[in-house]
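*Asks:* Take a look at the following structure, please.
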């Protein structure tokens, strides 16, 4: 452990010159007015959405969707990624870098004294350097995998430069929220993911684009399609029902399942137990500490999706390399080209990604369900430690605030927290995983993970605005 800590300190010193060049926002010295924070939040989301619709320069129209393998196909909903645009990588590099940095600091591999401003700024700069390094690696891997078709050396370098620059914008916007200029209770990553998912849901419901998939021209948006059929074919109930249950485009069941998952996620987010506390400073001040059912919120599925994204990327790189025929590479993942992307058909990657149909591949569905539930429960427990939210950490913070259980001795808070928090973390992880699986089965719009993140982000945002009022 001591050797790891020395290596971590050495790595920090190596990145110190580069960390000082990273985009940074000065921390607000006083409380920023609500109107200004709301303005910054809206502008940040607008910038992200604009970048999500600006196509990459140097990529032929349609090449990004009909070209080679798509290494991020399975996690685009959670990473707020839009293929063929500046936000090709979405918030993936920022999420991965933040998670790794927090795990390293929590395990004391990187030792930081939070009371020293210089050390905090150095770790923050190192996180940004790591995010851009991850963006550079993912962008280069996408070009090498032929995601954008044959672009040449100069075209590939230009694409990589655009993707890394867009990731630098995301790093800057994330820093803006972290320094106190965004709405309280919200983060840049969660808001960007929620905005991307809500945009997809709205588009699939009200898209005015007409598509002919063998049933004649019809609107892509299910709401407009039903209204059009009801007006143009008045009295033909069969046509309206056929549109409601169509399979080739978004249908009413997809929209209903999306709303159901949203309501379930909001309900679970609000389930909590309030632990009564009383001040020991002589004033008798009372307070409560909420222990939520989703104690780690949606972080378990975020971490799982980030791990699956990295695994898919590495597996595809090895599969399409000269080592593609080796036993270890095939155990990791076997890929085949499909109409929309490369699809895993064997190996570990095959079982950690959701099946196209849970009924058509029962073994795949069973293994995927077991792995997802177990991973979410374990990752939730790990995140409690990494985020310093263990019973001991919480009890220490409450003691520092001179808060304790009323009518009990000062040391009684920790044993009570120890009986509740680990259970809430594991059960919350299982609930998140189960709801994600239900969303995958019912075919929600925007994928189950994205819908859960959107519901959580919107719930926290509404609570934040209510508290401000």
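In case you wondered, yes, glycine gets a Cβ from its N, Cα and C as well.
Note that the structure is predicted; figures quoted are calculated from it, not measured.
Relevant sequence annotations retrieved from TrEMBL are reproduced here:
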type: DOMAIN; residues: 47-84; note: domain 'Translocon Sec61/SecY plug'
type: TRANSMEM; residues: 38-58; note: transmembrane segment
type: TRANSMEM; residues: 89-109; note: transmembrane segment
type: TRANSMEM; residues: 129-148; note: transmembrane segment
type: TRANSMEM; residues: 154-173; note: transmembrane segment
type: TRANSMEM; residues: 252-272; note: transmembrane segment
type: TRANSMEM; residues: 293-318; note: transmembrane segment
type: TRANSMEM; residues: 365-386; note: transmembrane segment
type: TRANSMEM; residues: 417-438; note: transmembrane segment
type: TRANSMEM; residues: 444-462; note: transmembrane segment
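Help me see these features in their spatial surroundings.
*Replies:* Model confidence over the domain 'Translocon Sec61/SecY plug' (47-84) is summarised by a mean pLDDT of 72.
Within its own chain, the transmembrane segment (38-58) has Cβ neighbours under 8 Å at 32, 64, 80, 82, 84-88, 148, 151, 155, 158-159, 162-163, 166, 169-170, 173, 176-177, 181-183, 186, 188, 191-192, 195-196, 199, counting only residues six or more beyond its boundaries.
Tertiary neighbourhood of the transmembrane segment (89-109): same-chain residues 1, 4-5, 7-8, 72, 75-76, 79-82, 123, 126-128, 130-132, 134-135, 138-139, 163, 166-167, 170-171, 174, 188-189, 192-193, 196, 302-303, 306, 309-310, 385-388, selected by CB-CB distance under 8 Å and a gap of 6+ residues from either end.
Among residues of the same chain six or more beyond the transmembrane segment (444-462), those with a C-beta under 8 A of the stretch's C-beta atoms are 75, 77-78, 183, 185-186, 190-191, 193-194, 196-198, 200-201, 204-205, 250, 254-255, 257-258, 261-262, 265-266, 269-270, 294, 297-298, 301-302, 305, 432, 435-438.
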*Asks:* Which bits of the chain, at least 6 residues beyond where the transmembrane segment (252-272) starts or stops, bring a Cβ under 8 A of a Cβ in it?
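*Replies:* Residues packing against the transmembrane segment (252-272) from afar: 201, 204-205, 222-223, 226, 244-245, 290-294, 297, 431, 435, 438-439, 442-446, 448, 451-452, 454-456, 458-460.
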